[in-house]
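S.K.: Residues or ranges marked as domain 'HIT' in Swiss-Prot (evidence: sequence analysis): 27-134. Per Swiss-Prot, substrate binding site is recorded for 52, 108, 123, and the stated evidence type is similarity to another entry. Taken from Swiss-Prot, the feature motif 'Histidine triad motif' covers 119-123. If you look up Swiss-Prot, you'll see 121 marked as active site, tele-AMP-histidine intermediate.
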């Protein structure tokens with residue numbers, strides 16, 4: 001069992017340095033979809049961060065638990081802590097890297113909340129002034145992108161929005177932010 005120190009300064013040194021992608025991990029699950037490990041730029045034993053197939057803004061990424069968990073309340077305490085600590089670290093690095101001034105973190109938990117992939121995930125969007133005319137428009141845009149993603153992703157078809165290479169290049173750039 002993973003022993004997380006939520007109030008401590010560190011989690012475990014094994015988590016801190018497990019950022020480098022393991023060559024033994026051939027893929028990650030995102031609901032029913034397999035994610036190419038080249039799209040993943042940060043991972044802990046319980047969570048991973050990946051670039052987005054259809055980003056709303058530059059650096060719009062997702063943080064997910066490694067275990068396929070459909071709803072937020074189904075996460076264990078350790079998974080919940082690790083997921084949010086991962087989101088905090090990823091958000092901080094990407095906000096700085098993209099010279100953003102704020103972050104939007106969002107979870108759509110369940111179909112009526114706009115969740116279309118049955119796997120808990122946190123959207124992280126570094127924000128800049130004027131990126132949306134009205135700040136709350138980002139939530140409508142998230143809902144719309146989730147609906148489009150559900151319609152366009154088909155297990156029997158290739159993803160057409162961004163190429164694997166384009167996503168791998170972005171992930172590689174972000175991965176360098178987390179090297180030990």
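Placement of Cβ uses the backbone N, Cα and C atoms for every residue, glycine included.
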S.K.: Looking only at DSSP and grouping its letters into three states, which state does residue 123 (substrate binding site) belong to?
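M.R.: Note: residue 123 (substrate binding site) is in a strand by DSSP.
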S.K.: Do me a favour and check the Cα-Cα span between residue 121 (active site, tele-AMP-histidine intermediate) and residue 108 (substrate binding site); whole Å is fine.
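M.R.: So the alpha carbons of residue 121 (active site, tele-AMP-histidine intermediate) and residue 108 (substrate binding site) sit roughly 8 Å from each other.
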S.K.: Give, as a single whole number between 0 and 100, the mean pLDDT over the motif 'Histidine triad motif' (119-123).
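M.R.: Here the mean pLDDT over the motif 'Histidine triad motif' (119-123) amounts to 98.
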S.K.: List every residue in the same chain as residue 52 (substrate binding site), at least 6 positions away in sequence, whose Cβ is under 8 Å from its Cβ.
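M.R.: Once residues fewer than 6 apart are set aside, residue 52 (substrate binding site) is near 60, 61, 62.
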S.K.: Sort out for me which one of 121, 123 has the most neighbouring CB atoms within 10 A, since those are the recorded positions we care about.
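M.R.: It comes out as 121.
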S.K.: Taking only the residues the record lists as binding substrate, namely 52, 108, 123, what is the largest Cα to Cα distance between any two of them, in Å to the nearest whole number?
M.R.: 15
